[in-house]
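Before any comments, here is the structure.
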């Protein structure tokens, strides 16, 4: 079997100028980055404000397992399939982080015959968005510590600086550090730590901004820490929202590339899906909606995290509608939810599959609560047996649930035509009765409880002493009307990663809150969230190389 | 008077495709980065290997002072002037670091009517080269600490890891830090520190590589530290030269932009001029020489550092000739060398000017020792009086030294025509007897002594106990045949920054050596070298902004 990069290297990429021409873009609407990548002007939304918007199709999934679901691959394959059946569809994806690329084998640009290209650029520096975010994040850090060092007029408490430095690298030794050592010329010593860039609030801000002006406004609201008398200190207090926005002036522009079948794809922004909302940028999704009749986009992790945040956070900030939802499931992952362990997934096991369907069932209920039409997509793996896929199909059919078998990794758009036809039917013809899980006027505690009960299926929530204190403080600060961003394990519907399937009778423990006032949400932590990954014993970097004539080896 | 950015914003930039067309580049020879920037393929040198090379003109200067010399501005102005007199000339400059941009007002892309554009991009993220270098540098750091954390097969002594992390930011609190705190999951604790990106050995390597293959080879030779039994550990030992080269595959490609008068300019690489060699990349200079009949390029700081390293390090590694040298001086700076303090530079003072000429005299002697033809350029400032500029002219003329008054900040190429004509005459017609200051077969100590005596005018050198021990160790390691890279204050010919003019009777103290085996030189430290700048009390960032329609404010 060919690898992703081998398939990618055989692809017949069009010059990006052909893709922009196909989208009827003028030369002032976009800028090339090499011959196969472009940035689309952030003023396009204003220019096309009277144009009707294309319909947004969200791709989400069951709870991920090590067996893999292939949500990005289905997203790309569906976009390709829609074009094959004559629809003008554009794909909108997250852009990958460089850090993990050096560590684990495997990219984040789809796979097989449903991938976005040039995958080697997309997975390395791409158009520099993540570097710009790193720069803006760390300029803020340097300016905070410089402020403290040079008299500390704002009375910032060095023990309460919450703003962390970031680096786009898996670098565990930077998780907990001490800075400013070596005497008065080297600043004021304090404890600090680095997060990976995608965990920066600036990434979340970039993804939730609707314009450069909105981005500047959001950046100015970032709370970087607290004074000695526990008042929040913002970027506006430091007077550097202008400089940080300047560093992000190009990063805010959505990136245009193409799939292996030359379908236009906008790849832009990639915030964490736990401490942030895990969706590509609003700029990307809305731009895609101006350029296509259908936008196929995804959200990180399963529907309990990704779809909930897409619908409760992203579509609120972006003020756009969702027309239909694809829920991706795989035979392998459902068998794991049904109790099969990783080494035995190749063997047919309809009983386990049957048990695992509970997980899918809960995510279906969640999408039904949102009142959105949906189709279940079975993403085919070579080891699936016909009996297994047939079981899922009849399970769905007996419940009047639309289902489609997709084979987009191996067959590209051709493998997603059934799904394409069914989802278009849903998006075009089915009535929807969209409602969000919570109201912004609910208290923060009510919002958390509603998500835990309605989306996770919990009996209730339990607040730590710290969280209780924070809830009072946050409401006092006027932060109570913000949406919440749940940081929970992606592996389980509950807050215990070992509980697969559909856990029942559990309580979600709320450990602590964090304000992302610039992004515009309150992060709710249900456990220890890793915001700086480490490298494995044998990092993928050991296999990588580039030949003198530029051929790339070992990237995937 | 208009500011640099105001002048820049009024400029009439051509699409970069017109510049590449003017240079007869084919579409496969270059890639666009936006509409006014491009990267030139690193395979162009191979493609054009049989084409004759253009002549290289080096722009250097007297010892810099806070009064300013405007070496980059003269370089750009001279390039423009050469085109005005009908010569096909290309400018090759260093690319600026983002870090200082946030701190101090003032860019690094020339000034006034002799600047390279788009200056706002060049001074911010440009084409991402510095970000790629940061990534490669820090991937190496993460992989070193991961190696130590996961069993330390190579027996690396954590106390002797010399490879530092970097960030393209002025961030003093990162100068001295402790990493790996917080228990076994967070790595092995050790002391560390961040340098600014331009101080990374990877930057020096990028600038001294002649191809991607050469870069890979150099990267593999980097010494990252020592084992417990004091053996050097290299990147090759860690087996990650391929991954690091992959991260640099685009950064090695020279960047093409244009000046305000549409003269082609290649801006690529920008290593420190103290702990590194302070010149733009060999790829840039050699590519420019393939595309133009004349290349105008510069080297950092005064001739004692920049020109010496350009001629002893860069032209050795790149195996190219230098045809003529411009030595830039200003009335203001010469007056400072003659004892006038900064606040009184506006007042005419021919006596001080006369005293300050000694500094210029020494740099002239240095270029004469190299056996290269040269012209002195007086870079005009509005406060210069005719009597002052006339004094310099007659001083030169009485010594048979070619001199030209330039006014390129205010008048662009037009202000550099006299200089252009004189330097072309030197480059085309004057015999040269080029010889370097030292032979590679000299011992390291002899090399250091020769530079100190012949270039700085020192009586001798004095070696610290540490440096003596290192000299022995380095020769044992087989590093003795490498050129040396002197790290000395730029403000004085001596190692004491307060000694202006032409110090005599001094000894240069050699404090310590450092191996830059990848770059291919031994760094010789004569004092404390700052490799991580700090921010001032009122950072330039406070004035920066960008309007909703993308207009940039306060960048310069």
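Any Cβ shown, glycine's included, is placed from N, Cα and C.
Listed features, source TrEMBL:
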type	residues	note
BINDING	A:65, A:66, A:67, A:68, A:69, A:70, A:71, A:72	ATP binding site
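The Cβ of residue A:68 (ATP binding site) lies under 8 Å from the Cβ of A:330, A:332, A:333, A:381, each of these being in the same chain and 6 or more residues away along the sequence.
For residue A:70 (ATP binding site), applying a Cβ distance below 8 Å and a minimum sequence separation of six or more within one chain yields A:111, A:328, A:330, A:379, A:409. Every protein chain shown contributes to the tally, and the Cβ of residue A:72 (ATP binding site) ends up with 24 other Cβ atoms within 10 Å. Other C-beta atoms found within 10 angstroms of the C-beta of residue A:65 (ATP binding site) number 22, with every protein chain shown included. For the binding-site residues listed here (A:66, A:67, A:69, A:71), the lowest count of other CB atoms within 10 A around the CB belongs to A:66.
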